[in-house]
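Enquirer: Okay, handing you the structure first.
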Amino acid sequence: MFQTLYSYFWWERLWLPANLTWADLEDRDGRVYAKASDLYITLPLAFLFLIVRHLFETYVATPLAGLLNVKEKVRLKATPNAVLEKFYAATSKHPKQADVEMLSKKSGCTVRQVERWFRRRRNQDRPSLLKKFREASWRFTFYLIAFIAGMAVIVDKPWFYDLREVWKGYPIQSMLPSQYWYYMIELSFYWSLLFSIASDVKRKDFKEQIIHHVATIILISFSWFANYVRAGTLIMALHDSSDYLLESAKMFNYAGWRNTCNNIFIVFAAVFIITRLVILPFWIMHCTMFYPLELYPAFFGYYFFNFMMVVLQSLHIFWAYLIIRMAQKFITGKVVEDERSDREETDNSEEEEEVAKNGPLSNGHPVLNNNHCKTD
């Protein structure tokens, strides 16, 4: 049974153009080709990445956060309450008004006290600023190194300048050691992101992030199996070109360097839109969709690879929408923040009550100039 499934899975017509077999991609005469077994190393490397990440965040990112004066907000803790805690853990973190009134009666608290308790309790579960900074630092470091390494791998290759060279001689294209390690490291890193996603900072696009990581792993793996290595290296380098800018903007945002953050973000937005919405669809995807058909008839692998590229491109359009929203805030003079972030809540109801009674307050005292607004 297993052998039958194995044979169907590796059927040449799924992975290779017509009239070609796996025997054509066997190493010979000093020429080495990509093999599926090469990817086994990526799983232990992924766990090695998790260990390196822990050490990096502990001994590099944390001291760096101290140097940049990354400060935590003072969070008011919710007072212990068994009734409210049970509802929070088992039913909902965001109770409806009817639930609030019911909990008020059960717990002996006022409606306002129940609402305040849930706000503070949700804040307790939100990731700390230091955790966000450490995560951004790790990703910035990897994406920057990966981008530099990727450019070193492809910048001297003819297919970097002429995309038709991507398919010249396909699939009988031998693999270089630099291409091998570029693939193994990139795939291992995305495996590590998938393994750690449950413990990483969760944002509003959590599901989209999972889809992105899975699609990326499938694309990298498939492009290796089918020897789409030249196209794969171009796609990976293109993606890394903007990711490190976003992570550096986050780092400066967490450090309170607003102007630096905003300036880097604008550069990131421009690079993201040019690479993901212009170069990727109109150059790279055009290359993977049309040029191969000039050499061989379409086969399953051709359709599958380009379908996964469309999935990635759809995610890019979704994220571009969020980026444009943030750019609009920057242009209008508002503070740029990550649209995907779950914002920390404040006890606005208490503040509004005090304002109604005593006028605007600053540290518990009325302020003379009430033209300034409080930002969260």
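Keep in mind that glycine also has a Cβ here, set from the backbone N, Cα and C atoms.
Feature list, courtesy of TrEMBL:
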DNA_BIND  69-129  DNA-binding region
DOMAIN    67-128  domain 'Homeobox'
DOMAIN    131-332  domain 'TLC'
TRANSMEM  39-56  transmembrane segment
TRANSMEM  140-160  transmembrane segment
TRANSMEM  180-198  transmembrane segment
TRANSMEM  264-284  transmembrane segment
TRANSMEM  304-324  transmembrane segment
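I'm curious about the neighbourhood of these features; can you describe it?
Expert: When the DNA-binding region (69-129) is classified with DSSP, helix, strand and coil residues number 36 helix, 0 strand, 25 coil.
Within the chain, the transmembrane segment (180-198) has long-range Cβ neighbours (under 8 A, six or more residues past its boundaries) at 34, 38-39, 41-43, 45-50, 53, 142, 146, 149-150, 153, 206, 209-210, 213-214, 216-217, 220-221, 224, 229, 232-233, 236.
Long-range neighbours of the transmembrane segment (264-284) within the same chain, counting only residues 6 or more positions beyond its ends whose Cβ lies under 8 Å from a Cβ of the stretch, are 163, 231, 234-235, 238-239, 241-242, 245-246, 248-249, 252, 313, 316-317, 319-320, 323-324, 326-327, 330, 336.
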Enquirer: Are there residues at least 6 beyond the ends of the transmembrane segment (39-56) whose Cβ is under 8 Å from a Cβ of it, and what are they?
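Expert: For the transmembrane segment (39-56), the list is 137-138, 141, 184-185, 187-189, 191-192, 195-196, 221, 224.
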